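The structure under discussion appears below in the form of structure tokens.
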Amino acid sequence: MDKIKITIAGPRGKMGQEAVKMVLETESFELVSVIDYKHGGKSLAAVLPFVHTDIPIYGNAQDAFENTRPAVLIDLTTPEAGFQHAKAALMAGVRPVVGTTGFTNDQLDELKELSKSKEIGCIIAPNFAIGAVLMMKFSSWAAKYFQDIEIIEMHHDQKLDAPSGTAVKTAEMINQVREEKRQGHPNEKETVPGARGADQKGMRIHSVRLPGLIAHQQVMFGDSGQILTIRHDSTNRASFMSGVKVSVETVMKLDQLVYGLENILE
Ligand code: NAP
């Protein structure tokens with residue numbers, strides 16, 4: 001069987017480095033190039049000490065796609081760059097697997113349309129950890145029975161977006177089964193703005209940012225006399241790579257955009 005040719009955008013990043021390791025270690029994958037706006041023209045081995053093969057770095061996505069013809073782009077960058085890379089990939093017939101979080105709904109809609117019109121698969125997953133996907137699924141199940149819900153997401157202090165893509169996705173999944181309800185006391189007032197977190201149809205999301213954390217989320221459900229807590233912790237970034245791997249394999253069989261790992265896991 002032919003190897004799946006892959007380009008990674010953001011190879012120096014915390015997630016990008018894990019993805020480079022995973023792709024290099026996977027027999028059925030081939031890393032043909034990377035996209036790094038600061039090191040175009042160099043070899044990846046000059047930038048990442050654990051890389052011992054000659055993989056070209058391109059300063060922009062179009063050049064990487066034209067010169068190395070990947071089948072899949074793995075993007076782990078920033079919301080702005082990730083959106084541009086995914087668009088360029090779909091235009092070039094390359095299938096994006098995007099872990100970058102923080103896209104707006106308009107950006108997601110634009111990528112969805114482009115993927116559909118070009119009939120090229122695309123996977124965007126705010127969380128590639130299988131345990132996190134189960135946490136979201138269990139939460140949407142529990143939300144059928146508990147209406148009062150607080151989501152507390154906790155991440156390292158270098159994270160750009162808040163709330164996290166996982167928290168937003170969890171709230172979306174919960175809101176598919178939960179009737180809108182304003183939680184807390186009807187006359188509740190914040191004496192310090194933001195104290196009650198972000199409002200998602202009455203449900204609240206709280207974002208904690210601390211050095212030392214990686215990616216953690218707990219969803220708390222309250223009812224008379226009982227509290228249910230569903231929690232997931234990623235204790236290192238390798239936790240995300242099994243989901244990236246499954247996504248690369250799956251995106252080859254898709255002809256439209258799928259948002260969320262839960263929609264491709266059986
Ligand atoms: P990070 O360490 O800051 O890495 C981001 C990398 O992207 C940096 O090396 C950055 O380079 C690079 N970059 C920025 N603009 C670029 C451009 N135009 N072209 C190419 N590279 C560019 O962040 P991270 O922790 O790896 O996270 C990356 C993304 O993945 C974030 O959106 C994060 O929320 C998301 N994430 C997703 C999951 C998931 O499971 N889906 C899990 C964890 C994180 P410079 O630093 O030099 O600018």
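Start at 1 and count along the chain as shown; that gives each residue its number.
Glycine is treated like the rest: Cβ placed from N, Cα and C.
Mapped onto three states, the DSSP output places HIS155 (active site, proton donor/acceptor) in strand. Long-range Cβ proximity for HIS155 (active site, proton donor/acceptor), meaning a same-chain Cβ under 8 A and a gap of 6 or more residues, is found for SER164, SER207, VAL208, ARG209, LEU213, ILE214, ALA215, HIS216. The active site, proton donor/acceptor feature in TrEMBL is assigned to HIS155.
Shown in sequence order, ARG209 are the residues of the chain, 6+ apart in sequence, with a C-beta less than 8 angstroms from the C-beta of LYS159 (active site, proton donor). The active site, proton donor feature in TrEMBL is assigned to LYS159.
In three-state terms derived from DSSP, GLY99 (NAD(+) binding site) belongs to neither a helical nor a strand segment and is classed as coil. Its own atom aside, the Cβ of GLY99 (NAD(+) binding site) has 25 Cβ atoms within 10 angstroms in the protein chains shown. If you look up TrEMBL, you'll see GLY10, PRO11, ARG12, GLY13, LYS14, MET15, GLY99, THR100, THR101, ALA125, PRO126, ASN127, PHE128 marked as NAD(+) binding site.
Taking Cβ-Cβ distances under 8 Å and a sequence gap of 6 or more within the same chain, the neighbours of HIS156 ((S)-2,3,4,5-tetrahydrodipicolinate binding site) are ARG209, LEU210, PRO211, GLY212, LEU213, ILE214, ALA215. Per TrEMBL, (S)-2,3,4,5-tetrahydrodipicolinate binding site is recorded for HIS156, GLY165, THR166.
Under the heading domain 'Dihydrodipicolinate reductase N-terminal', TrEMBL lists 4-128. Per-residue pLDDT, averaged across the domain 'Dihydrodipicolinate reductase N-terminal' (4-128), gives 97.
Mapped onto DSSP helix, strand and coil, the domain 'Dihydrodipicolinate reductase C-terminal' (131-265) counts 41 helix, 39 strand, 55 coil. Per TrEMBL, the feature domain 'Dihydrodipicolinate reductase C-terminal' maps to 131-265.
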Cβ-centroid neighbours of (S)-2,3,4,5-tetrahydrodipicolinate site HIS156, GLY165, THR166, 8 Å, sequence order: THR101, PRO126, ASN127, GLU153, HIS155, LYS159, ASP161, SER164, ALA167, ALA215, GLN217
Neighbourhood of ligand 1 - binding-site residues from ARG12, THR101, THR166 with Cβ under 6 Å: ARG12, THR101
Inter-residue C-alpha distance, THR166 ((S)-2,3,4,5-tetrahydrodipicolinate binding site) and GLY10 (NAD(+) binding site) (nearest angstrom): 20
Subset of binding-site residues (THR101, PRO126, PHE128) lying within 10 A of GLY165 ((S)-2,3,4,5-tetrahydrodipicolinate binding site), CA to CA, in sequence order: THR101, PRO126
